[in-house]
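Worksheet for the structure shown next.
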Amino acid sequence: MLPPPPRQPPPQARAARGAVSLQRAFLRGPLGVLRLLQLLAGAAFWITIATSRYQGPVHFALFVSVLFWLLTLGLYFLTLLGKHELVPVLGSRWLVVNVAHDLLAAALYGAAMGIMISQTQSHSYCNLKDYQMSCAYHAFLAAAVCGGLCLGLYLLSALYGCCRHYQAPSAEKGRHDAAGGAEDGPPLVLG
């Protein structure tokens, strides 16, 4: 016969639930603002593509934009809630993970922007004044601009993360990356 289940959650579960706190400094800091702008520009990119008639290599651009929009959303909320240390293996090097994410996003957004520029040029014939058929020229042009904006925002975010990484004293880099702040002093917020 099994013992009855406990009426209260174990102490660890209660402590973990109560530890959720909003990191207001991150929200107001440069990285928090950059992440919000990345989310807005990324959403504009993939919504613009998804609402147009697309084919061929544009599928890759759509994949890149949705993938990095979702990853950025996850990074944003994990950092905002201060729960990045719960991510196995990666949580201890959170700043490095953010920089790697930003550099990879910038590289793939560069490729996606190149695809959208190519598609815009190949559809430029329908930008004529008297052209009557439906055409994705304007959607592709808007997506190319949004892709360039995303590329710039992710590069800026990666540069900021690198500056923060090299700004921390070398003996404390592990602690800064893991907890988002120094162990003994005030927290070093990613933003």
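The count begins at 1 with the first shown residue.
Any Cβ shown, glycine's included, is placed from N, Cα and C.
Taken from TrEMBL, the feature domain 'MARVEL' covers 26-166. Note on the domain 'MARVEL' (26-166): mean pLDDT across this stretch is 89.
Under the heading transmembrane segment, TrEMBL lists 33-54 (among others).
Here TrEMBL flags 60-82 (among others) as transmembrane segment.
As annotated by TrEMBL, transmembrane segment applies to 94-117 (among others). Long-range neighbours of the transmembrane segment (94-117) within the same chain, counting only residues 6 or more positions beyond its ends whose Cβ lies under 8 Å from a Cβ of the stretch, are 31, 38, 45, 49, 57-58, 60-61, 64-65, 68, 71-72, 75, 79, 84-85, 87, 140, 143-144, 147-148, 150-151, 154-155, 157-158, 161-162, 164-165, 176-178, 180, 190.
Under the heading transmembrane segment, TrEMBL lists 137-156 (among others).
Long-range contacts of the transmembrane segment (60-82) within its own chain (CB-CB distance under 8 A, at least 6 residues past either end) are made by residues 19-23, 26-27, 31-32, 35-36, 38-39, 42-43, 45-46, 49-50, 54, 94, 97-98, 101, 105, 108-109, 111-113, 115-116, 143, 147, 150, 154, 180, 190-191. Same-chain residues lying 6 or more positions outside the transmembrane segment (33-54) and placing a CB less than 8 Å from one of its CB atoms are 61-62, 65-66, 68-69, 72-73, 75-76, 79, 105, 112, 116, 119, 134, 136, 139-140, 142-143, 146-147, 149-150, 153-154, 156-157, 160, 191. When the domain 'MARVEL' (26-166) is classified with DSSP, helix, strand and coil residues number 117 helix, 0 strand, 24 coil.
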